[in-house]
């Protein structure tokens, strides 16, 4: 079964996120558990936690259908020790918030070397940062998102994701989230079913589908291989509809959150309905 949704706002309280997801016909959703552009956040109160759990139950969202995202400020591969520690503390807080909310996944961008340390050293720092957080939490999987490779961001090659996973001690609590726009911008073609087959065969060989814990379904304004991260609405960008139809009709993408981060929230309900219809079309074929 496909879990399909979008990254919804938690404005006004975390308990509003499940309701907003339900309003657009979603069977999955992503959210920030705190302001993503600030380092610090007030601790979660028992009331906030209870309200969120009650809302998830009311709208029939299990933890497997929810893919929270951490703060954009965090850089788990930071070359400077003080800044690295600040990021590690913030990441641990994000993991602990998920733990408190009964969530089992935390999606994050791996990190950047900022042109100051070798790529291999940065990847090792990211893996160690994950190890530190996993050692102090239970039940939450660290889900590494592939990047477009913009600037000095790592995680744009499947080999880089595999290297991070290789350095994580508890393999049962690490996974990846593949963003289609990022993959396309990083040079992984998705424009035809044949291209999708090739790209995901490579993913399966290098990373492994056992580590796929979520996806971000985004078309791309950016050009193929441009290393530029610019999302677009489904079918309106340089990837086109075929990739998303192909994903909907492939069982390897069942049972994980498939999250829209497309640029027009006003049509998320339409995009979700279209994605759902692609499954039905396959079932009837």
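Heads up, the Cβ atoms here are built off N, Cα and C, so glycines get one too.
Long-range Cβ neighbours of residue 69 (Zn(2+) 1 binding site) (same chain, at least 6 residues apart, Cβ-Cβ under 8 Å): 7, 30, 31, 32, 36, 106, 107, 108. Per Swiss-Prot, the feature Zn(2+) 1 binding site maps to 69, 109, 145; the stated evidence is sequence analysis.
In sequence order, 145, 146, 147, 148, 215, 216, 218, 261 constitute the residues six or more apart from residue 179 (Zn(2+) 2 binding site) in its chain with CB-CB distances below 8 Å. The Zn(2+) 2 binding site annotation in Swiss-Prot covers 145, 179, 216, 261.
The Zn(2+) 3 binding site annotation in Swiss-Prot covers 182, 229, 231. Residues near residue 231 (Zn(2+) 3 binding site) in space but far in sequence (CB under 8 A, at least 6 apart, same chain), listed by position: 181, 218, 219, 220, 221, 237, 261, 262, 263.
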Cβ-based neighbourhood (8 Å from the centroid) of the Zn(2+) 1 site, residues 69, 109, 145 excluded: 70, 107, 108, 143, 144, 177
Distance [Cα-Cα, Å, rounded] between residue 109 (Zn(2+) 1 binding site) and residue 182 (Zn(2+) 3 binding site): 11
Cβ-based isolation winner (fewest other Cβ atoms within 10 Å) among the binding-site residues 145, 229, 261: 261
